[in-house]
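Q: Heads up, here are the entries from Swiss-Prot:
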ACT_SITE  His19  active site, proton acceptor
BINDING   Tyr14, Tyr64, Asn66, Asn113  tRNA binding site
SITE      Asn9  site 'Discriminates between blocked and unblocked aminoacyl-tRNA'
SITE      Asp92  site 'Stabilizes the basic form of H active site to accept a proton'
Amino acid sequence: MKVIVGLGNPGREYENTRHNVGWWLIDTLKERWHFEPWRKDGDAVSTTGLVGTKKVKLVKPQTYMNLSGSVLRPYLKREGWTAAQDLMVLVDEVAVPVGEYRLRAAGSPGGHNGLKSIEAHLKSPTYPRLRVGIKPVDERRQIGDLADFVLHTMPRDERALVDDITPRMIDAIELWIAEGTEKAVSSMGR
């Protein structure tokens, strides 16, 4: 089973913040794939369905960002399940301009507390992550304090840029599900 974790913070006050782009994307996947409603699942809400012939579970941690890794505990005990092949994390990335994304098979958390928590639970940096850019393209918009920046509502023009790349991100995720990490990552260069 493939597990896709969308990182974000619970609560209405965080719904439209930059830090919740992982939730925006996972909600879009749920709708596109016609999965059932979210259900309580430990420290998360989740839903499961088929994408093609592959069983996929979508997971939204209900902890705050720095505790997100706790949702992985049940999968770490599954025979044959490996994070390198069966997990993808959807996350905001301040080093990538808004309107762009990066798909990597492994990497560092880059100061992201959600990824730090994931890696602490996995005891490994080797798992696919799709980093959705949140860095402003308008140089007049300064990042300043990082925590303040990621927890502020994303302006409409930037949200539109994320919406514009969502179909391409979904294509990359569907390729990962069907053909694996290497194929999905290599398709990014085309």
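Glycine is treated like the rest: Cβ placed from N, Cα and C.
These figures come from a predicted structure and were not determined experimentally.
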Q: CA-CA, which of the recorded positions His19, Tyr64, Asn66 lies nearest Asn9 (site 'Discriminates between blocked and unblocked aminoacyl-tRNA')?
A: Tyr64
Q: Could you check which of the recorded positions Tyr64, Asp92, Asn113 is the closest Cα neighbour of His19 (active site, proton acceptor)?
A: Asp92
Q: Please report the DSSP secondary structure of Asn113 (tRNA binding site), reduced to three states.
A: helix
Q: Helix, strand or coil by DSSP: which one applies to His19 (active site, proton acceptor)?
A: helix
Q: Counting only residues 6+ apart in the same chain, whose Cβ is under 8 Å from the Cβ of Tyr64 (tRNA binding site)?
A: Asn9, Pro10
Q: Measure from the CA atom of Asp92 (site 'Stabilizes the basic form of H active site to accept a proton') to the CA atom of Asn113 (tRNA binding site) and give the result in Å, rounded to a whole number.
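A: Their Cα atoms are separated by 11 Å.
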Q: Between Tyr14 (tRNA binding site) and Asp92 (site 'Stabilizes the basic form of H active site to accept a proton'), how many Å separate their Cα atoms?
A: 13
Q: What's the longest C-alpha separation between any two of Tyr14, Tyr64, Asn66, Asn113, the listed tRNA-binding residues, in angstrom?
A: 16
